[in-house]
């Protein structure tokens, strides 16, 4: 059945069929400019549990002005391996060829993430399929596990990509965010892993998706699911910004000057809270159509403390710091420190400075979870695909289209004003 999303209204795309049965989780969103097409991905599960994931599903949306007309739900059976469940959709669009790569993991049977971490025995495979017609048809699955991870797999208790979107950098590099539970050592007498900790990293390709590699782990902080966005300061240097989930009640942020091979300035952002155990969040960069006054409070007491830095890249980052950015960041995430509720949209007008996030504009009041953003820069539009409900966050995955002006009108340029109440920004 076709549905239409109008600007500024939430439109459910995937609905839970029963509170103990078929459930859709883990949204990923991609926009393809030449065809004005949204691709909305999700996991179909037999229950809400991770180990009961089945396969990925897709709905294609055609944008007509500020309307999106959605086609029917399509199961992506191409994105499967025999005896495995498919999880964590992570799409990226390659502009030169027009090819869409859909990354995901395939996990053996019903083996849980916890079982893999405790035993140190990985049950996940790194895979992708691709489409050359904006998601109408898809290739056969390709397993990249040996090519990308190879002998290092013995140190990866388990791993995953995304979830959410990947990006293509100005250099042409394709970047897929990922994380692994890394095993630094083993108790040989018991054949059990020792001090296993999760760290984010990037998987990338410099030849339009023909071959793939992985970058260095983001250390020393524990980081899990992440997304990245490329920002450009006035000095003209592109910098890759990473936003990662942590269990530390605050979001982790890091910067890369080598296109994602390594990250520096890993820090906790006190302005971006995490609920207990954390939650996935989404980030996109964009060039603003209009520029109000910029954030002034870069010396806030909430400015993050630098945990790690690289001398070789410090000079470039220092050159960019303190200058207005050509790129802004938009970030989506639950806004409560206590539970996954009230999905917020945050704006950062100076991404290379500390503590310059706005107060959130509440896009959905009530239970919420994972989300994914897409920026339509030339049109001044944004899309958000997010988990939400009235009693539980897994009741549906909804889509919202909103404008650049709408963001500014709700946030009113606020960055750090302590007297502002997030309830002022709630949207019906």
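Keep in mind that glycine also has a Cβ here, set from the backbone N, Cα and C atoms.
When the ranges 20-23, 24-27, 28-31, 32-35 are checked against Swiss-Prot, the one recorded as motif 'FRIP motif' is 24-27. Of all ranges given (269-293, 294-318, 319-343), Swiss-Prot attaches the label region 'Disordered' to 294-318. Sequence-distant neighbours of residue 370 (active site, nucleophile) (same chain, 6+ residues apart, CB-CB distance under 8 A): 25, 26, 27, 163, 164, 279, 280, 386, 387.
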